[in-house]
Structure formats: C-alpha cells, structure tokens
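**Student:** Sharing the record's features from TrEMBL:
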DOMAIN    13-67  domain 'HTH lacI-type'
Amino acid sequence: MPNVTTQPQPERATIYDVAKAAGVTHVTVYRAFSGSGPVAKSTLERINQAAVDLGYRPNRRAQSFASKRTRCIGLLYGMNVPYFDGAYSSLVTEIAGELERDDHDLILMPAPGEPSTWSHKLADRRVDGCIVMQPIPLGLEGVVDELKVPVVLVNVDAEVSLPKVLNDERAAGRVAAEHLVGLGHTDFWFVRPKYEHSRHYSYEQRQEGVRQARRDAGLNPELPVIELRDDDQLPELQRAFARKVNSDTPPPTAVICYDDNVAYGVLRDCYRRQIRVPNMLSVVGFNDLETSERTCPPLTSVRVPAAEMGRLAVHRLLQQLGIRGDGDDPAGMMSFVEVERERSSLFQPSLIIRDSTGLPA
C-alpha cells in the first residue's frame, strides 16, 4: 500500500492576527467587522487589507448572533415588482455596491397595500434598516415610528419627516430651459408621458422649473404641455409644422421632454415626419441615460446623479446605525445642499450638451 503523506493544514487566521497586522486592538477589529460601532475610514481600510493578506474571513452567523444585527438592508417600495429601468438601474446598482463595501447585503422588500400586509417584515427584524424608493409604501411613517427602524428615502419627496436624498427637480427644469433660452429659443413645448399611476414628484417640479426660467427671461411662463402617445406619436407636432405656412402661430422651435425615454419617442416621431433635429426642432431630455449619447442625433439631457444619490443614501443610513461616523461624506460626491428643516440632501443637476439642440430655425 502506498504511503500517503498528509500535509499539515495552515492555522486559520484569527481576529487577533488581523488586529496585530493592522496595528489596532482586537476590539476595533470586532467593531469593524460586526458594525457594532464607528471605525475611522483609514483604520477600516487597514483592517480590511490585513484580513485579505491573512486570508481571514469573519463568521457572519456568529457576528449576527452576538451583535443582534443581520447586516442586511431592505430596499422597500410600495409595489409587487420593482421598477429598475433607466436612472433607477444606476441608483440600485450603486446602493448595492456601497453596502457591499461595508459588508452588508441588499434585500428587496416589496410593500404593496396596507401596512398590515408588510409591516411584519420590519417587526421581525429581518433587516437592520431600510432604503425606501418610489412608490412610498402606505403608512410608512407610522410603521417606522412604532418600530424604530432606521430609514432613508431616496428619490422620494413624500410629505413625511424622514431623511431624504433627492435630486433638485426644479433646478433640473430650470437648467434645461435656460439652455434653450440662451440659444435664442422662445417658443417651446413640454412633452410628458401619459401616466395613469401615481406620479413621481419630478413630474410637476420639472415643469415648474421650466416656467420659472421663462419668467426670469422675461417670457410668458406658461407653455404648452403635450402628452406623448403610447405609440410614440406626437400628432400635435405634425399639425403645428403643417400649418406653419398659413398661420400666424409658429410651430415650436424646441421641446423639453419629461425624461430621455420620452425624448427617444419624440426623436422617432420627428424622423417619421421628416422634422430635422436640431435644424428644425431642438430636443432636450432628462436623466442622461447611457443610450442618450447613441441616439441620432445624440441627445442633450439633464443628468440626474442617481449613482451619487444611492451612495449618499447608504452613507446616511449607516450613520444612523452607528457604523459610519458623522465626518466627511463619501469621496467623489457631486455638490448637494442640506435642507435641515426638511431633513433632505438635495443634489444639483448638470446639463450634458450634445447634438440635439442648436440655434432656432
């Protein structure tokens, strides 16, 4: 029978080994891995690097039992199936990635209907806290107040006294209109989708921003608001250009679309009707989706900083949990404004100018 030599197994690294390598106490390492207390960012980086170098992996089950925390964060929304298209895709991707950097998992938590149908998910402490997205669950504030669950709302401007991370949608509308006015446009429309369900707060606020920019420029603040049909048809546009020769009412020289998806529909309809963009009509969208630089022509769009909003929402929630301190916010953030009375962090939009806008015909 052949001789079999068994190689001795290397000893498994312990929390004390990580502490020694990182130059900190084992209590600090425990806090870093369990989330039971704040740890400076530079210290956390040293601890994580030491753990990688030593091949140390903390026992998550034991940590959860000892700390009474799940290291799971719920993504709460008031519908059965989440809507993760467009800007929401960047938002959710960044939320999950930022949580992963702190060794937390993101759990989808649909919350349709009355609180009695979903509040038990929070009462059972399946998650340590929640990030809430549109549409906001019914009775959220009462449930949060009763159960004392840490919560941050992201991209939801609801009438609740809970922390929020938002995009300044009025400023977004104003930026789009100021760009067109600066090019010399005075006659433009606002094109929006026909929403049958609960509207997002940006639905009205972007229009308000456009009207304010027109008012500031000395123009009539009111402008036609047109709804794009489900088949991407905009018959009002065809009629406006058809009567151009025989009418004292000129067609619009530009349209501001509620979002990039609506703008894509307008671009398709202009192509069908041989309305050249931007020679005959300038088009502006919102959200600056990845596909907007690949349309024909590439779409001018107001960028919504969805990824930065997701990162800050996670940061604010982890601060409530005591995992992150009250010091500097995550690096690389775009500018945002703290509105203390509304408990809101308000991001400022930016305009990405491409080839779909130009001087009026």
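Each Cβ is built from the backbone N, Cα and C atoms, and glycine gets one as well.
Note that TrEMBL annotation is computational and uncurated.
What you see is a predicted model, and the numbers here were worked out from it, not measured in a lab.
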**Student:** Per DSSP, what is the helix/strand/coil residue tally across the domain 'HTH lacI-type' (13-67)?
**Tutor:** 39 helix, 0 strand, 16 coil
**Student:** State the mean pLDDT for the domain 'HTH lacI-type' (13-67).
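**Tutor:** For the domain 'HTH lacI-type' (13-67), the model's average pLDDT rounds to 80.
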